[in-house]
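What follows is one structure encoded as structure tokens, with my remarks underneath.
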Amino acid sequence: MTYVSFLRAECHLVWRRKQNVINSVLFFLLVIVLFPLGIDATPMFLSKAASGIIWCAAALAILTSVESLFKEDYHDGSLEQWLVSGLSVPILVLIKMTLHWLFIALPLLLLLPVLSEVLYLPDNSFWPLFISIVLATPSLFLLGGIGSAVTVSLRQGGVLMILIILPLYLPIIIFATSVTKAAQVGLPYDAPLAILAAIFLVSLVVSPLMTAISIKASVN
Amino acid sequence: MSWAWFHRLGSPKWFYGRFKAWPKPLFCLACLCLMVAMVWGLAIAPPDYQQGNSFRIIYMHVPSAILAQSCYFFMGVAGLVYLVWQIKMSPIFLKAVAPFGALMAFIALLTGSIWGKPTWGTWWVWDARLTSVLVLLFLYMGIIAVQSALEERSLADKAAAVVSVVGLLNLPVIKYSVEWWNTLHQGATFSITEPPSMPMAMWLPLLFAVIGMYLLAAAVIMWRMQTEIMRREAKTHWLKQEVLSDGV
């Protein structure tokens, strides 16, 4: 196994199991639909709440898709192969996460113009929202991967994983939504963006290592 | 200076033998300190010129908030130590601290909420300090859940260590939340490095309360660590000898 063959195999896997990606995108859309129907469907409420709704739905969709990130690999023995392959496990983790992030985040970004019309998102906060999603969803994936690796050996690990990881998501969501809030009232929003970038860099360094440690502990 | 004592700290047997007698005196000292602080703070200290008597809840609120953060900080350090050096005592410490820290975070939130009602006119606001302490409570809960949900002990220890290290991300958010955001919550009231901004008659009991709370934490955590050592080392020879000669 080399890094390239690993990447190709993972690409094939994601493509063969397209239903997983489609499911999480559908889940994302359904959560978004819940808010106008459940709270208030008037443009006045929605234009204020749009970015928050999109962010909450994105975080939940990512959480559900990350939950099973290593499940199949654990059950079919692939994780053991990672450990004995002689390749660096953190880099394998990073490759897998990057790939999954691409497959989940790209549909979300493509849907964003439609959603922002439907939710009456003000025009001046579309690009800030876009940038915040590009910048912060990788951190959600990286942190979620840790929880997924920690609970991979449990039969019912989903709830536990959400319990561990969701508190870590909250700061990211707070800063991400404050980007669009600042943009809506015409304030500069580079400070929360800088903090999001800092969180992304920290999790980029820490998360693959921690995920690898958890995988090694789980596989034994 | 010899560093042998530092290396020995990693051995449960040495730790158990060395600190067996410590919790009880520490606990008594903590009770004494807390009693002095409570009587002085609640009965003798002058009422605040703005808040009247309602400020007195500070003598519970600030110590528990400080302890909640300190406990998490030490958990993060212990988690890192475990991940890097695999020292046996670290997960024992993690397991002992987590419930105490969770309790402290809960008390901080509860007393803050009770204090908020007369001063801010509301039980709860979604400001940065309150929300980040709530997140801290959830982090503690998550760690406790991980420790109890994973059957295999080595995996549970690793997982708890990983989560506590990653959760350190939240601490600077709590610490600087009152400076980064304009919120209802006031700035830090208690600092060792700066001269106190309140009169000595109010500040000294607070100092006693904080010291008493740290002593209480030390005593409770040591007790819990001893219990955990006994649970883990139940099959070893030295523990049998210990129990046979001294009782539990």
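For all residues, glycine too, the Cβ spot is worked out from N, Cα and C.
The domain 'Cytochrome c assembly protein' annotation in TrEMBL covers B:26-185.
Through the fold, the transmembrane segment (B:65-85) approaches residues 10, 91, 93-94, 97-98, 100-101, 104-105, 108, 112, 133, 136-137, 139-140, 143, 157-158, 160-165, 167-168, 170-171, 174-175, 190, 210, 213-214, 217 of its own chain, all at least 6 residues removed from its boundaries and within a Cβ separation under 8 Å. What TrEMBL lists as transmembrane segment is B:65-85 (among others).
According to TrEMBL, the feature transmembrane segment maps to B:92-116 (among others). Counting residues 6+ beyond its ends, the transmembrane segment (B:92-116) has Cβ neighbours under 8 Å at 12, 54-55, 57-58, 60-61, 64-65, 67-68, 71-72, 74-75, 78-79, 82, 122-125, 130, 133-134, 136-137, 140-141, 143-144, 147, 157, 160-161, 164, 184, 217, 220-222, 224-225, 228-229, 232 in the same chain.
The feature transmembrane segment is assigned by TrEMBL to B:128-147 (among others). Proximity of distant same-chain residues to the transmembrane segment (B:128-147), defined by a Cβ-Cβ separation under 8 Å and at least 6 residues beyond the stretch ends, is recorded for 65, 68-69, 72, 75, 94-95, 98-99, 101-102, 105-106, 108-109, 112, 156, 159-160, 163-164, 167, 170, 173-174, 177-178, 180-181, 183, 185.
For the transmembrane segment (B:159-178), the list of distant contacts is 69, 72-73, 75-76, 78-80, 82-83, 90-91, 94-95, 98, 127-129, 132-133, 135-136, 139, 142-143, 146-147, 150, 185-188: same-chain residues at least six beyond its ends, Cβ to Cβ under 8 Å. The transmembrane segment annotation in TrEMBL covers B:159-178 (among others).
The transmembrane segment feature in TrEMBL is assigned to B:198-223 (among others).
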